[in-house]
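The following features are taken from TrEMBL:
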type: BINDING; residues: Gly47, Pro48, Gln49, Ser50, Ser51, Gly52, Lys53, Ser54; note: GTP binding site
type: COMPBIAS; residues: 780-798; note: compositional bias 'Low complexity'
type: DOMAIN; residues: 37-252; note: domain 'GB1/RHD3-type G'
type: REGION; residues: 780-811; note: region 'Disordered'
type: TOPO_DOM; residues: 1-682; note: topological domain 'Cytoplasmic'
type: TOPO_DOM; residues: 728-811; note: topological domain 'Cytoplasmic'
Amino acid sequence: MDKAGERCSTQLIDGDGAFNIAGLENFIKEVKLKECGLSYAVVSIMGPQSSGKSTLLNHLFGTNFREMDAYRGRSQTTKGIWLAKAAGIEPLTLVMDLEGTDGRERGEDDTAFEKQSALFALAVSDVMLINMWCHDIGREQAANKPLLKTVFQVMMRLFSPRKTTLMFVIRDKTRTPLDALEPVLREDIQKIWDNVPKPQAHQETPLSEFFNVEVVALSSYEEKEDQFKEQVAGLRARFFHSIAPGGLAGDRQGVVPASGFSFSAQQIWKVIKENKDLDLPAHKVMVATVRCEEIADEKLCNFTANEEWCQIEEATVSGLVPGFGRRLTAILDTCLKGYEFEAIYFDEKVRTTKGKQLQEKLLQLVLPAFQSVLGHLRSGTLEKFKAIFDKTLHGGEGFSSAARYCTKLCMFQFDEGCADVVIEQAKWDTSKVREKLKRDIDAHITDVREAKLSELTTAYESKLSEALSGTVEALLDEADSETWPAIRTQLQRETESAVSGFSSEVSSFELDEQTKEKMIVHLRDYAKGIVEAKVKQEAGKVLSRMKDRFESLFSRDADSMPRVWTGKEDIRAITKTARSASLKLLSTMAAIRLDDETDNIEKALSLALLELKSNSTVTDRSLTSPADPLASSTWKEVPPMKTVLTPVQCKNIWRQFKAETEYSVAQAMAAQEAARRSNNWLPPPWAMVAMVILGFNEFMTLLRNPLYLGVLFVGYLIFKAVWVQLDISGEFQHGALPGIISLSNKFFPTIMNLLKKLAEAGEVPQASRNPAVGLKTYASSAGTSSNVSSTGSSVVLSKDTAEYSSTPKEE
Ligand SMILES: Nc1nc2c(ncn2[C@@H]2O[C@H](COP(=O)(O)OP(=O)(O)OP(=O)(O)O)[C@@H](O)[C@H]2O)c(=O)[nH]1
């Protein structure tokens, strides 16, 4: 409510002591108090009721406090405390009009409100006007004495001096000059001050420590209005720039900044009403705390609502934000400067503390975005490193130098990115993220190094495998005493070649000697492993190889021509040779001999299997007897690692080998026997002698008659033709019965064929003229036919012997 309907005044505290918060807030807004900082002054007036206080203020400050109507008699007009703005005075001056102190309206004993309002006015005012009648000066029962007593008493409850200016305004001054009145007044004031009970700390404190005392005298407004107005105008001039040094309120202390005035006034009144001690320094800190918090909260809200910040925060979710650090530094700076600007007049300690808290809260808000951007920067740099590193390696750069170059480049780019992300106010440490990036890069380099080395090793392993497998297999095919030396030579050559190539390629990795040596050893071992694996694999085929070797030696002669069992061959010797060659193969494959070691496996096998067997007195049972040197799972000089075939295995293989080659030998012997028989078709010599003696007469008859000879010759030719045509000797080669059966089938067709050819020959003149030529032709054609026939009708004994037995005989 406005006392005179003016906008710039309000009742601050009503007659019942209720604080008008809303009215004060409106008033502050109207007069724009909050923007004043410390540049404002508060003036209040105390004095007896109806002593012309409102009249004075209205004339002095151009306010519109309600004045008592002079024609209605002196009664209380002002209730509670009123507040107005002084018109036209710089700096902004707030004027408080207090309820009169006579207590006539409240009753003589009711001085509680009087004291409370006095204390409130003292706590908030820079200048306190004490209105008093001139005629009260020096009077023992003067109305102002209890008032002064009250002022001094409450002053003790403010804990610290504000150095308020107490301006005694003497109203209705008489002709007594002020110079004469002032000492009396000051004496009165001093007396009252001396008599006021003070706390121990202020027992000796002079009045001047708490107050600046000023005395002015004014003529009566009612009687000498013009003089009054003139004097008031002079007094008004003193309120201009009152807070400047030397001004009316130049010494004031503990001023509450304008933005805290409302809250401060409320709190002071609250404390006073609760009759508690009003600790002004503590109050000041409290006001500063509350106000600084309010300002900080407001700034925090402004920040969270800041559009640019919201955009940045959203963008950080998906990736890097260009100029992140710079932009956020600027937004935070604006926010913090805003706080500083508004809180600057509050207690420095509180302001700084709250400012730090605000900064802390702001940075906490920003931290996730910062971490997110830093995370994007780290992961982005790592990805970039991977790409550049890969490209550099593909460009042919050495591994270690590429790693160094790419790491340096990417770390530099990360540092540059960090500089763009860093928020000045935060000074957050990015070294941990940098370290993590470095660790990730190193881990990637290690992974790639391992992959590349593994690739390289695998490539050289494949090369070795390719180079050794086939060669070793081929060498083992020809297993003999030169096999292992040849394998060793081959192994060494290939290994050295691989090691040399590998060493040169691996040099770009700048490995330490130990690692490099380890890898080379692995490569060497791998090469050995290939040979060993190959030998073990080939050992699985040893039986078949032994049989092949046996067959090739047994069934073929020295020129590798198929052997024909004519009966003259020494099958036993051939068998022994073939077997010992097979045994040699077995002994070659029984152990791995990569280290040029010697062993007597061959000797042991030969002794146990060949020589004993050749005696043919040892049975299979004797092989398994305890005395059997092969009844063991290890060779004497060969470690188990190098053993491919154990003695027992060798023995079993040999047994199987023998069983499977036995048949070939038996077939060969049968074929030899058959050949022998077929070669013995002439009658025995005694029969031939008997035939000569008994056939002597017939022989002589033939000699005596040449015609018989001619008939015999023709008969012979016919017989020979039939013999050749039917291949009688060939047919009977395999026995009499098959020969007879075969001949019986072929006889008539052959005779018919002969007759047909004779008939055809008879038609040829040359043939008729020269029968001998014709017969020769038959014989020749019959021979050809016989060849075909004999080939077609040969009997196959077995797969192995077939090629020997079916070989065409020489005509
Ligand atoms: N004698 C005399 N009377 C004055 C003077 N100034 C004002 N008055 C009269 O004193 C009466 C009270 O004036 P106010 O200004 O209302 O006095 P007040 O002290 O504000 O009164 P309350 O607010 O009720 O305490 C009015 O009738 C004024 O005309 C003065 O200088 N001398």
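Placed from the backbone N, Cα and C atoms, the Cβ positions cover glycine too.
Sequence-distant contacts of Lys53 (GTP binding site), defined as residues of its own chain at least six apart whose C-beta falls under 8 angstroms from its C-beta, comprise Ile45, Met46, Gly47, Phe65, Thr78, Asp97, Leu98, Gly100, Leu129, Asn131. Closeness to ligand 1 is met by Gln49, Ser51, Gly52, Lys53, Ser54, these being the binding-site residues among Pro48, Gln49, Ser51, Gly52, Lys53, Ser54 whose Cβ falls under 6 Å from the molecule. The Cβ centroid of Gly47, Pro48, Gln49, Ser50, Ser51, Gly52, Lys53, Ser54 marks the GTP site; residues of that chain outside this set whose Cβ lies within 8 Å of it are Thr78, Gly100, Asn131, given in sequence order. Take the CB of Gly52 (GTP binding site) and look out to 10 A: across all protein chains shown you find 24 other CB atoms.
In the three-state DSSP assignment, the secondary structure recorded for Lys53 (GTP binding site) is helix.
All chains included, 24 other C-beta atoms sit within 10 angstroms of the C-beta of Ser54 (GTP binding site).
Figure note: comparing Cβ neighbours within 10 Å for the binding-site residues Gln49, Ser50, Ser51, the maximum is reached by Ser51. Taken together, the residues of the domain 'GB1/RHD3-type G' (37-252) have an average pLDDT of 84. The local packing around Pro48 (GTP binding site), expressed as other Cβ atoms within 10 Å of its Cβ over all shown chains, amounts to 24. In the shown protein chains, 24 other C-beta atoms lie within 10 A of the C-beta of Gly47 (GTP binding site).
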